[in-house]
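Q: Here Swiss-Prot flags Cys84 as active site, nucleophile. Annotated active site per Swiss-Prot: His181, Glu183, in sequence order. Here Swiss-Prot flags Ser235, Gly236, Gly237, Ile238, Asp239, Ser240, Leu241 as ATP binding site. Positions annotated as domain 'Glutamine amidotransferase type-1' by Swiss-Prot, on the basis of sequence analysis: 7-207. What Swiss-Prot records for 208-400 is domain 'GMPS ATP-PPase'.
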Amino acid sequence: MKCNNHRILVIDFGSQYTQLLLRRIRELGVYSESCSWNISKSQVYAFNPNGIILSGGPYSVIDNDSPYIPEFVFQLGIPIFGICYGMQIMSFQLGGRVERVIAQREFGCTQVTILSKSVFINDIYDYVDDVTGRFALDVWMSHGDVVTTVPKDFTVIGVNKYRQVAMMANEDRHLYGVQFHPEVTHTKKGKSILERFITCICRCKSSWKIANIIDDIVMDTRVKVGNDKVVLGFSGGIDSLVTALLLRRAIGHQFICIYIDNGLLSNYEFDRIKNFCALNCNLDIIYLSQEQRFFNALIGVNDPEKKRKIIGRVFTEVFEEQIRNLVAVKWLAQGTIYSDVIESGVSLSSFKNVIKSHHNVGGFCGITDIQLLEPIRNLFKDEVRSIGLDLGIPYDIAYRHPFPGPGLAIRILGEVKKEYCDILRRVDFIFIEELKREHLYSKISQAFAVFLPTHSVGIQGDQRKYKWVIALRAVETIDFMTAHWAYLSYDFLNKVSNRIVNEVEEVSRVVYDISSKPPATIEWE
């Protein structure tokens with residue numbers, strides 16, 4: 001069966017929560033994608049959504065250059081749900097009134113009182129208000145504009161504490177709007193509201209499930225590739241490993257993996273993957289040692305974006321050289337996932353900037369007769385891991401912390417040198433070993449060390465020590481789109497720090513990063 005026959009389209013107005021919204025929809029078993037606000041009619045028809053959700057955004061409908069909803073969207077005859085800015089722009093374009101407020105802005109947790117019945121909200125509430133006797137919701141808001149007059153044929157079904165419009169509905173046309181964010185966990189009944197819209201109003205069925213996803217990827221790959229030969233860029237990370245196992249199931253031995261040792265890897269981690277593949281996966285893997293080639297290309301390069309581009313370019317060169325030595329290869333497979341696409345600014349709102357480039361987004365261009373194959377391009381990391389478990393990958397490998405494509409190059413600030421990589425590998429090993437020993441590794445989403453290109457004074461015995469500084473980074477996250485720094489105990493951090501400065505003689509100082517995403521990214525570069 002096609003696991004994405006029922007689907008929701010999210011029109012993205014630049015909200016920081018858009019990707020979280022997509023995950024919430026998929027958690028309900030319904031496929032979702034986001035698109036730019038200026039999507040064409042033909043693209044929407046091709047996607048064939050059962051319903052549309054309009055995201056929030058940082059803009060004001062009062063400003064002339066703000067993004068808007070294409071008029072044809074309202075003529076599709078399918079349910080539409082506007083969130084925050086999405087509700088405001090829908091109201092504005094349909095004849096309602098939106099005004100900017102100063103004293104009555106709302107940012108954070110607040111309450112909404114339900115005024116009237118609606119299929120959209122019936123029986124969904126957190127408590128009964130003691131004063132009014134009405135049902136109420138605990139919600140999360142973040143807005144400076146408000147809808148002061150709803151469009152014709154709309155009903156106000158909920159208000160905030162200032163009696164401003166918080167929910168509106170046009171039941172006949174299945175158009176709905178809320179001023180708050182149902183996709184964030186602070187809105188306690190947010191999941192119920194999304195589920196009501198998606199399953200009851202849009203009538204979507206829950207078919208986006210792991211077993212169905214695997215079957216669809218396998219069948220689509222077989223149809224697309226046929227009898228052609230495929231080469232896969234294999235890093236040993238969960239994304240490329242799952243891609244390899246899916247290709248193995250789909251096309252057998254029609255593909256070969258190429259693993260490039262660029263000197264920027266955490267080798268002790270890859271040894272485990274290599275052994276697992278040899279014993280369980282029956283994969284054909286070519287191992288290439290190209291360490292010096294990468295280090296030579298990175299000499300004198302300090303800018304992180306340039307480092308990413310150079311690593312991607314050299315990877316491309318090595319792959320192209322190897323592919324030319326292989327017979328009849330027609331496809332290049334990559335373990336690109338949805339978050340790679342998002343952060344690279346591909347297929348997103350034109351109001352979003354590229355956060356960072358990804359070496360595995362966009363493919364290789366030097367060989368004109370080879371096509372790009374990205375089986376897991378539309379999957380989030382947690383979906384990839386679930387598929388991995390279903391394919392027989394052990395839990396500790398499937399949930400191994402992510403390792404960036406450019407490797408240690410973006411965990412070394414400034415110029416990359418082999419000696420820095422060697423230091424960082426030893427430090428990182430200590431940090432991860434202690435996390436596992438204290439049973440913290442599986443509770444943390446990602447942890448690693450960062451090499452800071454500065455010296456700091458220390459004391460070792462009676463000797464003055466002037467050595468390098470290391471930063472430790474550990475975060476907790478669900479989807480890697482947002483993250484909070486992990487609260488590690490002082491005793492644990494003290495133990496790790498002592499081991500590092502005593503066992504790695506090149507290091508004199510250790511610091512701990514307490515920055516969340518946003519505003520910081522998880523990786524330092």
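Using N, Cα and C of the backbone, Cβ positions are placed for all residues, glycine too.
Predicted, not measured: the structure shown is a model, and the values here were computed from it.
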Q: State the Cα to Cα distance, in Å, between Ser235 (ATP binding site) and His181 (active site), rounded to an integer.
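A: Each residue's Cα considered, Ser235 (ATP binding site) and His181 (active site) end up 38 Å apart.
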Q: When you measure from the Cβ of Ser240 (ATP binding site), which residues in the chain that are at least 6 apart have a Cβ under 8 Å away?
A: Leu232, Gly233, Phe234, Gln334, Gly335
Q: Is it possible to get the count of other C-beta atoms within 10 angstroms of the C-beta of His181 (active site)?
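A: There are 24 such Cβ atoms around His181 (active site).
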Q: State the Cα to Cα distance, in Å, between Gly237 (ATP binding site) and Glu183 (active site), rounded to an integer.
A: 29
Q: Measuring Cα to Cα, tell me the gap between Gly236 (ATP binding site) and Cys84 (active site, nucleophile) in whole angstrom.
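A: Cα-Cα, rounded: 41 Å.
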Q: So which recorded positions out of His181, Glu183, Ile238, Asp239, Leu241 end up within 10 angstroms of the residue listed as 'active site, nucleophile', measuring C-alpha to C-alpha?
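A: Of His181, Glu183, Ile238, Asp239, Leu241, within range: His181.
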Q: Can you tell me the mean pLDDT for the domain 'Glutamine amidotransferase type-1' (7-207)?
A: 91
Q: Beyond Ser235, Gly236, Gly237, Ile238, Asp239, Ser240, Leu241, what residues of that chain have CB atoms within 8 A of the centre of the ATP site's CB atoms?
A: Phe234, Val242, Thr243, Ile273, Gly335
Q: Count the other Cβ atoms sitting within 10 Å of the Cβ of Gly236 (ATP binding site), across every protein chain shown.
A: 25
